[in-house]
Amino acid sequence: SQANFEEDGQKQPAVGHWKTLMPSKGSKEEPETGCQDAGGADETQSTEQLNVSRLRSSSVEIREKGSEFLKEELHKAQKELKLKDKECERLSKVREQLEQELEELTASLFEEAHKMVREANTKQAASEKQLREARGKIDMLQAEVTALKTLVITSTPSSPNRELHPQLQSPSKAVFRKGHGRNKSTSSAMVSAASQNVTPEPVSHERKEVDSILFAEFQAWKESPTLDKSCSFLDRIYREDVGPCLDFTKQELSELVRVAVEQNTLTIEPVASQTLPVVKVSAEECGGPKKCALSGLPRTCKHRIMLGDSGSYYYISPSCRARITAVCNFFTYIRYIQQGLVRQDVELMYWEVMRLRREMSLAKLGFYPSEM
């Protein structure tokens, strides 16, 4: 029986089953069925618990994996965001740089445009000034040509009028030319046609000889005539004749007169006797009908001068007028030579220059015609 029990024990499972050796009457199958039901419930419960634990572990694992995935995605998104921020910052810097360059370019273009406008205005002003000067020179040349035509009309080649052509006169027939005026519109010096009738000495009583030094200086100047006083020819005349002839008591006014004569802007006009006591209000007048503005001495002044277009008048005595006229006559003649209006032999032009120098010398010594 023990062997059978052991065999039965091996055949029947020991867990979840309870087998009664001596069951009671009327209830042979009930205890076995109850044991079987209890064992199945426990097994189902354990299975459910196992399933629940598996579900819980799988959900935890899924959560962990999901969190890791989300963390990775977040990390990637943060990296991309940083890259985009850097790109935005770089583009912002590029935009600021482009805006700055655009502003600088605009400013430089405006500055260049203003510079071009200023240069254009400067060139236009210079061109207008040159045009005015050219027109003034044209007017001056036209006035001089008109004056020369007037001289030519009153003279013929067979019988030239020597009074109207002083360059044709010999030194023995040198005369003082009366008056020296300027056309105010053209500022050109024109010598009056009237001349002083002085009885000349016989030609045989006057001898002349060309000075080699003076003639050489004049020839050198004649090759390229200029009004620059730095050349030896004009430098000598300035030192020996022009300077002393225009050296008056009033030094400051004397310098202004010299500059006006050189620039051909001096005007000499007579003062009518009936207007002598009248003093102009619109123009400043120095000296007076009874006082010379250059010498400062009480003299009867029949003429007055104006320097350029200043509107200031200065009364001058006959002696001062003769000195100024002599210098103006010299400058008028050398200007004619410079402009090519005098067509003579070099020696004849030289003697005319010497005659004009003698006029300046006599004038600075106080000799002048009574009609002055």
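The backbone N, Cα and C atoms fix where each Cβ goes, and this holds for glycine too.
Feature annotation from TrEMBL assigns coiled coil to 67-151. For 43-58, 184-199, the entry in TrEMBL reads compositional bias 'Polar residues'. Residues annotated as domain 'GDP/GTP exchange factor Sec2 N-terminal' in TrEMBL: 57-149. Positions annotated as region 'Disordered' by TrEMBL: 1-58, 176-205.
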Please list the DSSP helix, strand and coil residue counts for the domain 'GDP/GTP exchange factor Sec2 N-terminal' (57-149).
93 helix, 0 strand, 0 coil
Please give the average pLDDT for the domain 'GDP/GTP exchange factor Sec2 N-terminal' (57-149) in this predicted model.
88
